[in-house]
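Sequence annotations record features per position, and here TrEMBL assigns transmembrane segment to 26-49, 56-80, 100-118, 139-159, 187-208, 228-257, 269-296. If you look up TrEMBL, you'll see 39-291 marked as domain 'G-protein coupled receptors family 1 profile'.
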């Protein structure tokens, strides 16, 4: 690790390797835009048709695809930004709007993944109790509430003062080094936007695995379909969101412990952080996979013969047809 100098102790960091990840970022953003835009447009259309059939889970997937489309619309701006070696040549307002959409997309996506897992958990574990209580109106209220809360939490980005790095280099939401407010906010993002949702996902999907394993009303193939959806959600979460939040919390902890000498560390970890930040974009391509798995499960449900004992028919209707 480098020793601190006067430059290291200044309000901005110099020598940040902006060029190192340029090719990778442009390539990934371009691929995600090319694949994610049509995939999410198609998902939005198909889930809208599922909503017309009164499918509760379609509300969450439809909202997820709309959220991704909103973010994908800003990707060309991020591509231009990276190609210009992290210099934002558009207005400050444009930077703040794209940053606002980026952060909202991450945490709305995470919370909607939790909603999908919770919905499957309730439908499977509490099949009898939840029947008639899981309606589209409740799902719409939940989605609107999540959108509103996440948007309100991130509105401060519109009132942030320009820091020296932003003014001198024209960066967009790349404050190096961190400051106390950003580091504290990063702790909150890690806890409420990652750690708690991850705990919910692990709990609900573990219960889903347990219930499908002991269920006598589902065949092995039907159980596999339920498990595929659970595994897909966990994998998407771990690949797209875990690396970014782990490095985010590491940066914040390091800054809190070395407030006057964090630039050398920021310089060394910058490329890793931007690559993991890039992984969050892959979520826009991965989310349509959830729709495919849900539809496959629903089609499976239509072919399931009703049983005359226990809660088999109810369980199947709740899992596969809602």
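In case you wondered, yes, glycine gets a Cβ from its N, Cα and C as well.
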May I ask whether the transmembrane segment (228-257) has at least three C-beta pairs under 8 Å with the transmembrane segment (100-118), counting pairs 6 or more apart in sequence? yes
For the domain 'G-protein coupled receptors family 1 profile' (39-291), mean pLDDT (0 to 100): 89
